[in-house]
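Sequence annotations record features per position, and here TrEMBL assigns transmembrane segment to 24-44, 64-81, 93-111, 117-139, 151-169, 181-204, 278-298, 318-342, 349-373, 379-400, 421-441, 447-467. Taken from TrEMBL, the feature domain 'Major facilitator superfamily (MFS) profile' covers 28-475.
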């Protein structure tokens, strides 16, 4: 239903009477972000399905770790391909392709007769997820007005958390079915939304930045008129993009020849061989924020929450899955709260507060599980406090670290480096996630479950220090202006040209802004 409404909004939108929040950009962001449901559903559903897969196929804990985590090692392949594909065929068709690939994976997993075939299906699902993981934040950052870019770019995280919640609910609902049928339906029903979304995203317009890079200036102008909050903003955004693409400002042809490409061999040279100080800073910031988002243990909590609650003292499958549904619900509500704070409080403040909350909840969970591990009886208070700590962890992650990772990394790269830069960040994100999810059970056996969460707490402390010293604020700046905020390690320079107060763009003068940007 949400897809139909968003598609209808796009088809019927009239840009003459713009509301305070641009409905056209909102509808585009909704459609693009709904591909993230596929990733969220897979993460959520595997947490419960793994219990029944292990019982049905008689596989070991190590095989379950591999089954859960391998998709995160497959998805970087999808992200790398998507980074190039999005430059070749555009952001919109890349999103559609993601849905098709995931559809194949879900069908294969749903009909898996054995563990090997199930792993084969996980490969296709992982590649499809890699596509969606990369392209939705990029598209949203490029389609969003400056005043609401944080709000709209956080949408993929909202739908990812919604997908996790749906996956948890699916676990609870299908758990009542016979063992051989239940887990296969849990995995197979992921095919239903994927093909529908692949068709629905075709109602979206293409990214204006991609269109300008391809010389389709007339189409880009019309789309910028629809997705901007004012005529002045549309004009300034077009000027910024033309400057980045190497198109003269006085060129107003509908189709132009672009000689300065925003992708290709030069991108990799600029990122790895001859980066400027600003690009080096941006690259380190992107890698760091992606690494710490996963290294603080979110996938361990999301994928293995039934195991965590078992270790805390809960024995019934019913109660385990219900407690897990509560985790999904809290994550979804928290990320909704975050979307309304991103463009008000700013990325930096929310991120630092979020990581502080992670540290406290991880230490609390580590203490509770350590006490339970050394006790010979069931401790009701420890069960309750463990559940509260997991819920607090899920909430604080989703208010800051979760959505801001993608908002921040997708907006800090300049246009010429954006697709490949975000792709590399997505690879770091997924590889780190894969390592955590494929080693968590073994780690718990080696240093205890409580010890594992103390380790994650230590990583969270390192994350807080990194974020404080390396990440400048980006709220209220145009995508093209943000590059000037980097290259000054350990300090946050004041923005030039464009200033933002309460989410509204205020201009000094058109001439000065055009000179200051880039």
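In case you wondered, yes, glycine gets a Cβ from its N, Cα and C as well.
Across 151-169, 318-342, 349-373, 421-441, the stretch most heavily in contact with the transmembrane segment (379-400), judged by Cβ pairs under 8 Å, is 349-373.
Residues 28, 32-33, 35-36, 38-39, 42, 53, 57, 66-67, 70-83, 85-86, 91-92, 94-95, 97-111, 153, 155-156, 187, 190, 194, 204, 207, 406-407, 409-410, 418-419, 422-423, 426, 429-430 of the same chain sit 6 or more residues outside the transmembrane segment (117-139) yet have a Cβ under 8 Å from a Cβ within it. Averaged across the domain 'Major facilitator superfamily (MFS) profile' (28-475), the predicted model reaches a pLDDT of 85. Below 8 A, the CB atoms of the transmembrane segment (349-373) and the transmembrane segment (278-298) form 3+ pairs separated by six or more positions in the chain. Cβ atoms under 8 Å from those of the transmembrane segment (93-111) belong to residues 32, 35, 38, 78, 82, 85-86, 117-118, 120-129, 131-132, 135-136, 139, 184-185, 187-191, 194-199, 201-202, 204 of the same chain, restricted to positions at least 6 beyond its ends.
Outside the transmembrane segment (278-298), and at least 6 residues removed from its termini, the chain residues within Cβ reach (under 8 Å) are 270-271, 351, 355, 358, 362, 397, 401-402, 404-405, 408-409, 412-414, 417, 421-422, 424-426, 428-429, 432-433, 436, 452-453, 456, 459-460, 462-463, 466-467, 470-471, 483-484, 486-489. Listed by sequence, the residues of this chain that lie at least six past the ends of the transmembrane segment (447-467) yet keep a Cβ under 8 A from its Cβ atoms are 288-289, 292, 295-297, 300, 308, 311, 348, 351-352, 355-356, 358-359, 362-363, 365-373, 401, 440. Beyond its flanks by at least six residues, the transmembrane segment (181-204) meets 3-4, 6-7, 10-11, 28, 31-32, 34-35, 37-38, 41-42, 45-46, 48-49, 52-53, 56, 92, 95-100, 102-103, 106-107, 109-112, 121, 125, 128, 139, 167, 170-171, 174-175 of its own chain at Cβ-Cβ distances under 8 Å.
Under the criterion of 3 or more C-beta pairs below 8 Å, with sequence separation of 6 or more, the transmembrane segment (24-44) and the transmembrane segment (151-169) qualify as touching.
Cβ atoms under 8 Å from those of the transmembrane segment (151-169) belong to residues 25-26, 29-30, 32-48, 136-137, 140-141, 143-144, 186, 302, 321, 324-325, 327-329, 331-332, 334-336, 338-340, 342-343, 398, 402-404, 406-407, 410-411 of the same chain, restricted to positions at least 6 beyond its ends.
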